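Quick notes on the structure that follows.
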Amino acid sequence: MSDSPSISAEERKRILRERRAAKMAKGNATSRLNTILTQGNSVKDVSSVKSVLDQEPTGATATTTGNHDLDPDHHDIEGFINTPGINASNDSVALSNSEDIDEMFKKIFGGQVPGNGTDGAGSEDPLAQMMKMFSQPGAGTGTNTPFSEDPFSAQPEEFKYQQQLVQYNTYRHQVWKFRFLAVRYFALLANFIYHFYIIGDSISFASSSHQFIRELIPVEPARSFFTLFSTIEVVIIASYYFLGTKEGFFSTATSNNFVVKLLDMGSMVLPQLQQFKTIAVRLLGYYELLAVLLGDLSLVVVLFGLHSVLGN
């Protein structure tokens, strides 16, 4: 018996592995499996078993391609971006947003989209149209004006009607203001003539540089005059305020005020300025009432001056 060279354990395992792989490659894996299973079973039969090596691969087994790492460094999202369903939904969302913007511009500019090349309101610059809106009488006052409810949804006919309504309210305000002016001056002149010409004597109101002459002037006519004057002023100013609040005269009177227009333009950038506009309109209304009182007091000073000069 010839001596064979010594074989290491690793080499022996490799040779056995190669032999086993060669036998498996020849096929008949099922028969070999059944032979192994039936060894020593002389009494009980064992049903034939089919080896997995002889089974044909089916389409149910999905083959994975690409990155087999469970936690890859880079995620491939190209499939999600190029998915037809997602792209179609993104296109529909963008189209709906574009339609919403066009619809908004149509509402703002009376049915014409700015820059569409057609004649009319839409062909002008949007900034120029906005300045034109605020240059109209009664812009931004909030009562009896074309901007009181929703100016951007008004049609041209309705906008023209609102302009005519503002002009009519301005005319009515001027008429009532003239009526109150006539009543005030009539009441003031009647009060002055009654106290200093009818019931007063020749020195009822005389100007002099001498103190003893001024002390001879009776106090009763002047006191009664100012009492009646204060009563008439309170009644007239209260009536004017009530009528102005009911008919919206104060908002109409302040519609063309520079402060109100400046606050209207500023509120487009800072909506917080809207509350200051309400305060400004109220203060301008109070200023008009104060102007009524100051005008009547000025007339009283003029009448006293004329009487002191011409009454001697």
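Backbone N, Cα and C atoms are what each Cβ position is placed from, and that goes for glycine too.
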Membrane-side pairing of Lys160 with Tyr286, Swiss-Prot annotation: yes
Per-state residue totals over the topological domain 'Cytoplasmic' (245-288) - DSSP helix, strand, coil: 34 helix, 0 strand, 10 coil
